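If you look up TrEMBL, you'll see A:Gly164, A:Glu179, A:Lys180, A:Ser190 marked as alpha-D-glucose 1-phosphate binding site. Sequence annotations record features per position, and here TrEMBL assigns domain 'Nucleotidyl transferase' to A:7-258.
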Amino acid sequence: MKNEMTAMILAGGQGTRLGVLTKQTAKPAVPFGGKYRIIDFALSNCANSNVNNVGVVTQYQPLELNNHIGKGDAWGLNSRNGGATILQPYSSSDGEKWFKGTANAIYQNISYIDSLSPEYVLILSGDHIYKMDYSKMLDFHKENNASLTVGVIPVDYKEASRFGIMNTDQGHRIIEFEEKPAEPKSNLASMGIYIFTWPTLRRYLVEDQAKERKLEDFGHDVIPAYLANGEDCFAYSFNGYWKDVGTIESLWEANMEMIDPNHPLNQTKDSWRIYSNTPISPAQFFTETANVRNSMVVDGCYVAGEVNHSILSQDVRVGMESTVKDSVIMSDVTIGENVQIEYAIIGEGAHIADGASVIGEPDEIAVVGYNETIGGPKNDGEE
Amino acid sequence: MVKNKLAAIINLTEDNQSLRPLTNNRPIAALPFAGRYRIIDFVLSSISYAGIDSVALFIGDSGRSIYDHIRSGSEWDLQSSIGGGVFTFSQQNWKHRYRIEEEHEDYYYNHRIYLQRSHSDYVFVSGSSIISNNNLLAVTQQHVASGADITMIYKSQSAFEDRGEEDLVDEALILDEEGRFKDIVPFEEVLNDEKIHSSLGKYIISTQTLLDLIDRATAEQVYMNINELIHFYLMDYSVNTYEYTGYAANIDTIGAYYSANMEMLSRSKFTSLFHGSIPVLTKTKHGAPTYYDENSNAREVIVGTDSYIGGTVERSVLNRRVTVGEGAQVSDSIILQGTKIGENAEIRYAIIDKNTVIEPGAKIIGTPDNLIVIGKGSHINA
């Protein structure tokens, strides 16, 4: 079968704004929505869009991503002609291949893409929460005979100066690109989703490498170069839910939004499932003292306390007389008895001892790191 | 070569008449259990934990529900491309029913082929209706040390235990003071004993002994399922016994199916079965997390993923993808996957099979002595 389009997911972001949650985990591997990791959305979108070859480009803390993605079996990408491949920097005879930017990361992996000889390359970011059919964007790209199509989403005008803004003509042709403009002329923000006609992009990257070596980043360097050379660049407008979860607050907020059963991503229909690679745990077990409302709960949970407007991920235990409100509890967390948790994100494997509390505010979410212990005998007498 | 290599033969042809309508289109092994498992998952998980990479399944009828569940066997690490795998032999019931003389010659043909090709020293043989979580490595080790021909796994219960009336099987083991096997007798004979030892119908036997046993059966024209065959000739061999101390249940009637599910609401039994050293594995489903509405009230329940709970659920086991509408009340019931319970509907003491639609306001009210069973894909009006 011909390989029309190959996806490259840029999962390299260290995500320093997520603090302790990304200290030892790449941002795309951060758990989300009870049973997913952030990158599951991009991977599932690929699988559901019939993009069967996915290169995952990473350089920080690759272990967890490697474990999670493997060969892509969990996303149905394990066919003879497809699969997920983790692409990491390595040192070769012509020097170390540490990625200098998004475009440079693609340049460093030209041989991988060449081995698949696709006509188009889909460039994605691994840290956005959304559901999108890339095959429709590819149709749009082909209809316009474009060499570049950029996925854009309309944002509030007052927010627009935070994004890369595309100014287009009536035919969706990009005529101008402004990175974080003070006075935006449009509200079409780049989603960091690009379809490139591969031979053209390849030529740009190879020629640049031989001469100036300036094309390091897609937004900063490649798109302006394409526009300056009169390449056919188009904006593909996406109107669904899309969220960048780069900060603690946005991560918490996106999780809270997922709780709503009418949320566009929290669907229970089969047509556009989000897949993930999760171990198997028994079904949820609630005791007679449990009280769970307006919340999402996953396999392996044991609940004897009160849970309100929260997400309990796999294998979470909530003891008697404990209250969890407006919080995200990641997997394998043990919450003892008489514990209060509010406006918090509790990292995987954390232990909240009997009587302890973790209380944040809506605009200042409390965060407990992975495998951290809060309260218990160790802390006695500290107050 | 792995020391003491093991193969496994599972017989799925138990009589399932008394589990109808739940078994109209599936063997007992494919019945859902504890919110997300199938009964066969327990024996397959024991097999997987023991590092067995090849298993033969003897299936009564077409086996569609079993194939659909097991697929390549990869969830249980049985998908090995080198030698191992899941080998299925279906339509065993048909073979039984049409006992044509000349076909008897090859009645055990598939068993023989499987045993010869598995290149294993020992075989684990089991039925499929008894749920337990056995450490087969430990059993095999003890079997080898005992030097006996056959090791039989059993469970002891005190006669007055709360579930005393639900015996695991029809026959009980008689053991001497050192716990050595003496005899196997009908249950009635031991009813007043302080302790009753029930066979779980699970054995470890050397491949050579099993082949000898098959030869003998062929010569004597004894044709039965392989686990029954071992039991049939048991007294002619030296028998070692292995006591299993974890949770066990024999799913042979609707009542037994109901109470075993309900027993899982006991934290200690749930923990014994699911949180021991052997993980229970099953097919992965990519379901969304379960959503509990702001008016929901779920207590003493086991719930699978991808469900929506809008009403009250008490003392019940809900499998995956179940919808409980607002104002609905479900108690003391088992709801199998994909069932939709409309708003303000009421369900008590019932077992509702897969993909049933219960209209808003409909009532299904059973009693502890009269459970109501609704067949797969039914539509219940108000």
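Glycine residues also receive a Cβ, built from the backbone N, Cα and C atoms like all the rest.
Where the annotation comes from TrEMBL, it is an automatic prediction and has not been curated.
Predicted, not measured: the structure shown is a model, and the values here were computed from it.
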- [ ] Determine which residues of this chain, when A:Gly164, A:Glu179, A:Lys180, A:Ser190 are set aside, have a Cβ within 8 Å of the centroid of the alpha-D-glucose 1-phosphate site's Cβ atoms, and list them as they appear in the sequence.
- [x] A:Phe163, A:Ile165, A:Phe177, A:Glu178, A:Pro181, A:Ala189, A:Gly219
- [ ] Could you measure the widest C-alpha to C-alpha distance across A:Gly164, A:Glu179, A:Lys180, A:Ser190, the residues recorded as binding alpha-D-glucose 1-phosphate, and give it to a whole number of angstrom?
- [x] 10
Task: Arithmetic mean of per-residue pLDDT over the domain 'Nucleotidyl transferase' (A:7-258) - done: 91
Task: DSSP three-state assignment for A:Gly164 (alpha-D-glucose 1-phosphate binding site) - done: strand
- [ ] Let me know the DSSP-derived helix, strand or coil state of A:Lys180 (alpha-D-glucose 1-phosphate binding site), please.
- [x] coil
Task: Position of peak Cβ density within 10 Å, selected from the binding-site residues A:Gly164, A:Glu179 - done: A:Gly164
- [ ] Let me know the most crowded of the binding-site residues, choosing from A:Lys180, A:Ser190 and counting other Cβ atoms within 10 Å.
- [x] A:Ser190
